[in-house]
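> My questions all concern the structure below.
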Amino acid sequence: MHRNPPQGALSHEAARSRWLTVGLLALTAVLLLLGASVGSTGWESMWSLRDDPVVQQIVWDIRLPRTLGAWLAGALLGLAGAVAQGLFRNPLADPYLLGSASGAALGGALAMVLSGTAAIGMAWMQRLGMTGMAFAGAAAAVVLTLVLAQGVQNSLRMLLAGVVVGVVLGAVRDMLELRYPDILQPMKAFGLGSTAFIGWPACALLLGAWALCSGVAWALSRVLDALTLGESTAASLGLPLAPMRAGLIAVMALATGTAVAQTGLIAFVGLAAPHLVRSMVRVGHARSIWLASLMGGVVLLVADILARWVMAPEELPVGVLTALLGGSYLLWLMHRGHAARQVRG
């Protein structure tokens, strides 16, 4: 028989979640200031901010939007990761499971091909640019996944369809790269991820997507709580599962597509952020999605600052650092879980 946790335990976890929220927001503020100070000109440039117009331009037009954009992109990926893990009831689910990453990469490759081939470069595609085409590719991949899965009713079918779509679109992108070798280098940079080209317009777009996705995910979070009890139990509660699932998938697609279109493919943020939150606090999805979003922003911003600082004045691709940090964390998590099972056994 299922027992509800005692009220004292619930209030304790709620208090911990509030403290974690405050801590993540405070850490975000510190990292935003730190990110505005780290770059090729060093810390010393901040002291001449008022007097030097060149330093003002570097800080206000390059560092600040890049730093804020890195946090927003990480927040979107963390939010999408929490939604994906709740929707598929799989702690190893990540935001790219529905093929959005492969679709975004293919869209970016098409944008490069079309911009350099005037004979086939349609005007509306050229106006979209690489960012718009990457987002369109991510959205199209998710739609294709849903068509192959015949809707949103079966989570396993959606998962398998997403894997198939990702493999096929990745193969199409590889064929484009072989046919047009000039795009190999920029596509490699896209695959490694970077926040270097985020400006204020991109920040506004990321902020709007984050606000919309956060609101919708919070409104639909109860279906994720219900799904933890199983499909049949969730259906017996009278929840309209199909439209609510469709809304959550739309949140995943919008959050992932917007982030990937601005930063390229950044690994492990959407996978690791919800795990970090669960290792600190146990709360319902309404709070865990919010906390995973804050955690994702912090993780990507830390990685971006390290990418600028480790080999300064050169920069590492931020996706390389997130893969190293996130992969190491997940390996440690697996080792700890295995050790805990051996102790219990």
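The chain as shown is numbered from 1 upward.
A Cβ is built for glycine as well, from the same backbone N, Cα and C atoms used for every other residue.
What TrEMBL lists as transmembrane segment is 20-43, 64-84, 104-125, 132-152, 158-176, 197-220, 246-277, 289-310, 316-334.
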> By a Cβ-Cβ criterion of under 8 Å, what residues six or more beyond either terminus of the transmembrane segment (158-176) are in contact with it?
88, 90, 93, 96-99, 101-103, 105-106, 109-110, 113, 137, 141, 144-146, 148-149, 152, 183, 187, 249
> Any chance you could find the range in 132-152, 197-220, 246-277, 289-310, 316-334 with the most Cβ pairs under 8 Å to the transmembrane segment (64-84)?
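Answer, by Cβ pair count: 246-277.
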> Among 132-152, 197-220, 246-277, 289-310, which stretch has the highest count of C-beta pairs below 8 Å with the transmembrane segment (316-334)?
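If we count Cβ pairs closer than 8 Å to the transmembrane segment (316-334), 246-277 scores highest.
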> With Cβ distances under 8 Å as the criterion, find the stretch in 132-152, 197-220, 289-310 that has the most pairs with the transmembrane segment (246-277).
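The stretch with the most close Cβ contacts to the transmembrane segment (246-277) is 197-220.
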